[in-house]
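Marked as (2R)-3-phosphoglycerate binding site by Swiss-Prot: VAL23, ASP24, PHE25, ASN26, ARG39, SER61, HIS62, GLY64, ARG65, ARG132, HIS168, ARG169, LYS216. Among the features that Swiss-Prot reports, ADP binding site is placed at GLY214, ALA215, LYS220, GLY238, ALA311, ASN335, PHE341, GLU342, ASP374, THR375, with the record citing similarity to another entry. If you look up Swiss-Prot, you'll see GLY214, ASP219, GLY238, GLY336, PHE341 marked as CDP binding site. What Swiss-Prot lists as ATP binding site is ALA215, LYS220, ALA239, ALA311, GLU342, ASP374, THR375. Residues annotated as Mg(2+) binding site in Swiss-Prot, with similarity to another entry given as evidence: ALA215, ASP219, ASP374. Sequence annotations record features per position, and here Swiss-Prot assigns AMP binding site to ALA215, LYS216, LYS220, ALA239, ALA311, GLU342 based on similarity to another entry.
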Amino acid sequence: MSLVLKKSIDDVALKDKKVLIRVDFNVPVKNGEITNDFRIRSALPTIQKVLKEGGSCILMSHLGRPKGARMSDPKPEKGVRGYEEAATLRPVAAALSELLEKKVAFAPDCLNASIYVSKLKRGDVLLLENVRFYTEEGSKKEEEADAMAKVLASYADLYVSDAFGTAHRDSATMTGIPKVLGSGYAGYLMEKEINYFSRVLNNPPRPLVAIVGGAKVSDKIELLDNMLGRINYLVIGGAMAYTFQKAQGRKIGISMCEEDKLDLAKSLLKKAQERGVQVLLPVDHVCNKEFKAVDSPLVTEDVDVPDGYMALDIGPKTIHMYEEVIGRCKSAIWNGPMGVFEMPCYSKGTFAVAKAMGTGTQKDGLLSIIGGGDTASAAELSGEAKNMSHVSTGGGASLELLEGKTLPGVAILTDKEVKGRGPLLKCACGGASPSNESCPRRREGIWGGGFIVTEIVKLVGALLIGIFIGRRLNTKLIR
């Protein structure tokens, strides 16, 4: 993806404005209680900015995958179209109210909220009900998505996107509304996400290691292919490692393996070798005969998995090897766990990687980025999330960004016009970069070494021209 500088909420007046903010409040809810409020907390800086500047917030989000109803469907006698108890955002309104320490109004129908919007005053916050209760939100038919977008756009003066987690979706609330309003601004979370990914993809401190795990090679093909041209080390773990190991002729027992992807695995390993990327695969394993937790799983002595056993985590030798590689790198990006970390007996590999990255970040200045989804959950569970440079809120979005794809929800936002070269430059991704630490292009001077050389050449050229003209004038005067 070409990451282009985008206008943010710092670039627009917010006073007395009704600001429609697309947030990602797709949080886990159990028995009406939110079990992890990370995504809600991540949106607070943007909300607080609008309130501080004298605007009012209209928040919209999805939660889960409700079946939904069409806008044209008959309205039920009680309730709203498409409503599902398990997917209501009402618990989120209560949680947000506690975090903001102020009342958060709730509109039970996102497309019939005009009366709630009309009552908004400076500093007020309104949360709309789940936008996915209407199928038009994710409709592939442009006219349907546009119809929903027009209703939502009518509520507001400005549109702000802070939902990086759904930035890979071309939907009514991500792309339709800014199209209707003619502009769209990045919130602080969106800005931060793109800034960090731009840095690690475009100009990372080196060496750079990509740690890739998860179940299937097929899920990470595009990521691996795109990253091979950017990284120095590739660390592979999780079930996908055993497709690579079988491709190398190793014994993998009954471990998960994509038989139809063996040639692809060989091809990726060959490409890595051609590009000078060192690939590291597990050299020992934590195994069991069944996919279940046990008190004492088998730890192999070498790379081969015994017959009748499946590998469910990386072993201690592999952990040590991976820790050493992370320790010698300046940047690390991690997408996918090393094992079945949800079971404590198979969590050591994943948690060790998290610990190595967290320690490296705090002690040695490692640029560490966690790619959302299960990896973010693992980092949280390990207690190391707080020590990372950045933990992404977007699983699918971060994956597509690492695959080199364009994110529709980012591309639609208003481009930033950069005039001249001020002292505070911004990263080409849309993130503010007021310091050398946060902007990749400023680590070697204002625009890197190339810029400095160019300026020196210009100065020398101007000096030589001046000397030449001066000599000609002196010659004429003497004559």
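Cβ from N, Cα, C; glycine included.
Recorded features from Swiss-Prot, shown on the structure.
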residue	record	DSSP (3 states)
VAL23	(2R)-3-phosphoglycerate binding site	coil
HIS168	(2R)-3-phosphoglycerate binding site	coil
ALA215	ATP binding site	coil
GLY238	CDP binding site	coil
ALA311	ADP binding site	strand
GLY336	CDP binding site	coil
PHE341	ADP binding site	coil
THR375	ATP binding site	helix
- binding-site residues ARG39, ALA215, ASP219, GLY336: which have a Cα within 10 Å of ASP374 (ADP binding site)? GLY336
- Query: Looking at the binding-site residues GLY214, PHE341, GLU342, THR375, whose Cα is closest in space to that of ARG39 ((2R)-3-phosphoglycerate binding site)?
  - Reply: THR375
- Message: Between the two most separated Cα atoms in VAL23, ASP24, PHE25, ASN26, ARG39, SER61, HIS62, GLY64, ARG65, ARG132, HIS168, ARG169, LYS216, the residues recorded as binding (2R)-3-phosphoglycerate, what distance in Å do you get?
- Response: 30
- Task: Calculate the distance in Å between the alpha carbons (Cα) of HIS62 ((2R)-3-phosphoglycerate binding site) and ALA239 (ATP binding site), and round it to a whole number.
- Result: 31
- Among the binding-site residues listed as LYS216, GLY336, PHE341, the Cα nearest the Cα of THR375 (ATP binding site) belongs to GLY336
- Query: In the same chain, outside ALA215, ASP219, ASP374, whose C-beta lies within 8 angstroms of the Cβ mean position for the Mg(2+) site?
  - Reply: GLY213, GLY214, LYS216, LYS220, GLY238, ALA239, MET240, GLY336, PRO337
- Note on the structure: Cα-Cα, ALA311 (ADP binding site) versus ARG65 ((2R)-3-phosphoglycerate binding site), nearest Å, comes out at 33
- Query: How many Å lie between the Cα of LYS220 (ADP binding site) and the Cα of GLY336 (CDP binding site)?
  - Reply: 9
- Item | Nearest-integer angstrom distance between the alpha carbons (Cα) of ALA239 (ATP binding site) and PHE341 (ADP binding site) | 12
- Message: I'd like the Cβ neighbour count for PHE341 (ADP binding site), meaning other Cβ atoms within 10 Å of its Cβ, all protein chains included.
- Response: 25
- Note on the structure: As a whole number of Å, the Cα atom of GLU342 (ATP binding site) is distant from the Cα atom of HIS168 ((2R)-3-phosphoglycerate binding site) by 27
- Query: Out of ALA215, ALA311, which of the binding-site residues has the smallest number of neighbouring Cβ atoms within 10 Å?
  - Reply: ALA215
- Any idea which of the binding-site residues GLY214, GLY238, GLY336 has the thinnest Cβ neighbourhood at 10 Å? GLY214
- When each of the binding-site residues VAL23, ALA239 is scored by other CB atoms within 10 A, the minimum falls on ALA239
- Task: Could you list the residues of the same chain, at least six apart in sequence, whose Cβ is under 8 A from the Cβ of ARG65 ((2R)-3-phosphoglycerate binding site)?
- Result: ALA87, ARG132
- Return the member of ALA215, ASP219, GLY238, GLY336 nearest to HIS168 ((2R)-3-phosphoglycerate binding site) in space, with distance defined Cα to Cα and candidates limited to these binding-site residues. ASP219
